[in-house]
Amino acid sequence: MSSLRIECVAKEGCRIGESPVWDEKEGALLCVDITGRKVCRWSPLTGETQAIPVDAPVSSVALRKSGDYVITLGTSFAALKWKEELVTTITQVDKDKANTRFNDGKVDPAGRYFAGTMAEEIRPAVLERHQGSLYTLLPDLSVVKHFDQVDISNGLDWSLDHRIFFYIDSLSYSVDAFDYDLQTGKIGNRRSIYKLEKEESIPDGMCIDTEGKLWVACYDGGRVIRLDPETGKRLQTVKLPVDKTTSCCFGGKDYSEMYVTSASDGMDKEWLSRQPQAGGIFKITGLGVKGIPPYPFAG
Ligand SMILES: O=C(O)[C@H](O)[C@@H](O)[C@H](O)[C@H](O)CO
Ligand SMILES: [Zn+2]
């Protein structure tokens, strides 16, 4: 039994770090800084972070089968060529809305890119309500809208048998499940599987482990929690030295390490001086459970 170890591996400090994704081919961790408007790639070998600046809030990044990456940028799905530092728009959503942007996104086991939108925040978690929607970018580059009325579209992942889609709308303080049809990419039968407790604060990013349990980063909760989606029980709490934990993924050798992103936006001087690692990326080892590789976008 190894013991739990939490280390801040990238101290540069994102404004809102999000969407950690392990890139096995590069042996590196991808993530974004939403308001800092950059896509980052941290190498465990060099300990260094490369960053590609973009010209709008970038809220998620995903691997792409044909190589390189796809991102959600402003209200667009876009392609990112890393070496060339080249971003090209694929398609735009929320054309009827003036004040929204994409937030979290992830690729499903069939290679579809799911991502949702939200109104621009006035300050963290303060925004015009019900402005967001959940979308999918299909491999043929067409877009499907699943539903609207979302407050802050956030964490998403799929059960190991691909029959359930897990989803978080942060301001519902709930982790939800939908029946999932992998053949069609359609979702239905929404229900709540876990309601956050007060000190857990706001549910944000999420990932699944090889035992089918969910890990949810709690924004303003300074922790990741492990949930059993079948019983609705919390199994474990891992506290981190920063309050604004935003998302988590597994990576590293055999996906045995967990990476947690964090934010510093919305913290005053005093708060930042108490938590100088705010905005950093944390590596947790010794959890005794592994994750699964991220699915690449098939288009
Ligand atoms: O990271 C995200 O998902 C949002 O873009 C952030 O702004 C925060 O999580 C949000 O403020 C908390 O609800
Ligand atoms: Zn988020």
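Cβ coordinates come from backbone N, Cα and C, glycine included.
Sequence annotations record features per position, and here TrEMBL assigns active site, proton donor/acceptor to ASP204. For ASP204 (active site, proton donor/acceptor), the Cβ neighbour count at a 10 Å cut-off comes to 28, with all displayed protein chains included. Classification of ASP204 (active site, proton donor/acceptor) by DSSP places it within a strand.
GLU18 (divalent metal cation binding site) has a Cβ environment of 26 other Cβ atoms inside 10 Å. In this structure, GLU18 (divalent metal cation binding site) is part of a beta strand by DSSP. Summarising the annotation, TrEMBL assigns divalent metal cation binding site to GLU18, ASN154, ASP204.
Annotation source TrEMBL lists substrate binding site at ARG101, ASN103, GLU121. The local packing around GLU121 (substrate binding site), expressed as other Cβ atoms within 10 Å of its Cβ over all shown chains, amounts to 18.
The domain 'SMP-30/Gluconolactonase/LRE-like region' feature in TrEMBL is assigned to 16-264. Mean model confidence for the domain 'SMP-30/Gluconolactonase/LRE-like region' (16-264) is a pLDDT of 98.
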The one of ARG101, ASN103, ASN154 whose CB sees the fewest other CB atoms within 10 Å, among these binding-site residues: ARG101
Secondary structure at GLU121 (substrate binding site), reduced by DSSP to three states: coil
Among GLU18, ARG101, ASP204, the recorded positions whose C-beta sits under 6 Å from ligand 2: GLU18, ASP204
Residues flanking the divalent metal cation site, with Cβ no more than 8 Å from the Cβ centroid of GLU18, ASN154, ASP204 and excluding those residues themselves: SER19, ASN103, ASP104, ILE152, GLY155, ILE168, SER170, GLY205, ALA217, TYR219, THR246, SER247
Shell of the substrate site beyond ARG101, ASN103, GLU121, same chain only (C-beta within 8 angstroms of their C-beta centre): ILE34, PRO57, SER59, THR100, PHE102, THR117, MET118, ALA119, GLU120, LEU127, ILE152
